[in-house]
Amino acid sequence: MIKIAVLVSGSGSNLQALIDANLSGEIVGVISNRPEAYALQRAEQAGIQTTVIEHKQYPSRQAFDDVMHQQLLEWNVDLVILAGFMRILSPEFVQAWEGKMVNIHPSLLPAYKGMHTHLRVLKTGDTLHGCTVHFVTAELDAGQALTQGVLSVSHKDTAETLAERVHVLEHLIYPQAVEWICNGTIQHLNNGQVLYKGQPLTRPVQFCNF
Ligand code: GRF
């Protein structure tokens with residue numbers, strides 16, 4: 001069974017969705033860089049080990065990442081899930097977990113990498129928006145996209161309503177992508193190629209909510 005660690009900084013609603021999904025992998029631990037993160041309570045309620053590694057207590061990004069890396073090795077982790085983890089990871093850490101680390105981003109990547117995605121979508125006047133689960137690579141929000149949730153933007157939407165609606169989709173597409181990794185439907189090969197059902201994945205599997 002695949003052993004999973006989830007890295008969090010905040011509310012952890014995506015962590016909750018992963019817990020509730022009864023994945024065929026096992027969530028063996030949750031790491032938070034913030035002691036006050038509500039995600040820690042969610043993990044404890046589910047009987048999952050938690051560790052707080054406060055970035056502020058380390059002299060450098062590399063030193064903080066090294067401690068996380070050691071904890072992941074100690075837990076014998078196969079897959080690292082970033083679920084609202086608000087720290088940029090060092091290239092060394094990303095390389096160590098390449099092909100074994102996924103993230104969810106609130107936009108239809110490659111559109112709107114970075115922050116404030118909902119506001120930027122509204123300013124541009126896009127009619128479609130959503131979220132993307134992707135493998136993590138050294139370049140920000142640029143790894144192979146696995147699943148996407150797509151919704152249509154209403155003229156009544158604000159950044160807040162969009163954030164809420166995208167969150168609903170996140171809770172659908174994140175557990176699905178993770179389950180596909182756990183059961184081998186999605187494979188990351190050593191040469192960097194990603195397979196879906198044994199064939200090269202050329203674009204993410206989309207779930208639409210129109
Ligand atoms: C989500 O919006 C996700 O897209 C982003 O961070 C947020 C995490 O929310 N990466 P939660 O802590 O899972 O509720």
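Glycine is treated like the rest: Cβ placed from N, Cα and C.
Annotated domain 'Formyl transferase N-terminal' per TrEMBL: 3-178, in sequence order.
According to DSSP, Gly12 (N(1)-(5-phospho-beta-D-ribosyl)glycinamide binding site) is assigned to coil rather than to any helix or strand. Long-range Cβ proximity for Gly12 (N(1)-(5-phospho-beta-D-ribosyl)glycinamide binding site), meaning a same-chain Cβ under 8 A and a gap of 6 or more residues, is found for Ala37, Tyr38, Ala39, Leu40, Arg42, Ala43, Ala83, Gly84. Taken from TrEMBL, the feature N(1)-(5-phospho-beta-D-ribosyl)glycinamide binding site applies to Gly12, Ser13, Asn14.
Annotation source TrEMBL lists (6R)-10-formyltetrahydrofolate binding site at Arg61, Met86, Arg87, Ile88, Leu89, Asn103. Listed in sequence order, Ser9, Asn33, His55, Arg61, Phe64 are the same-chain residues at least 6 apart in sequence whose CB falls under 8 Å from the CB of Arg87 ((6R)-10-formyltetrahydrofolate binding site).
Sequence-distant neighbours of His105 (active site, proton donor) (same chain, 6+ apart, CB under 8 A from its CB) are Lys113, Thr117, Cys131, Thr132, His134, Asp141. According to TrEMBL, the feature active site, proton donor maps to His105.
The local packing around Asp141 (site 'Raises pKa of active site His'), expressed as other Cβ atoms within 10 Å of its Cβ over all shown chains, amounts to 18. What TrEMBL records for Asp141 is site 'Raises pKa of active site His'.
Local packing around the Cβ, expressed as the count of other Cβ atoms within 10 angstroms, is greatest for Leu89 among the binding-site residues Met86, Ile88, Leu89.
Proximity of the binding-site residues Asn14, Met86, Leu89 to ligand 1, judged by a Cβ distance under 6 angstroms to any of its atoms, singles out Asn14 in sequence order. Take the mean position of the Cβ atoms of Gly12, Ser13, Asn14, the recorded N(1)-(5-phospho-beta-D-ribosyl)glycinamide site; other residues of that chain with a Cβ within 8 Å of it are Val8, Gly10, Ser11, Leu15, Gln16, Ala17, Leu18, Ala39, Arg42, Ala83, Gly84, His171.
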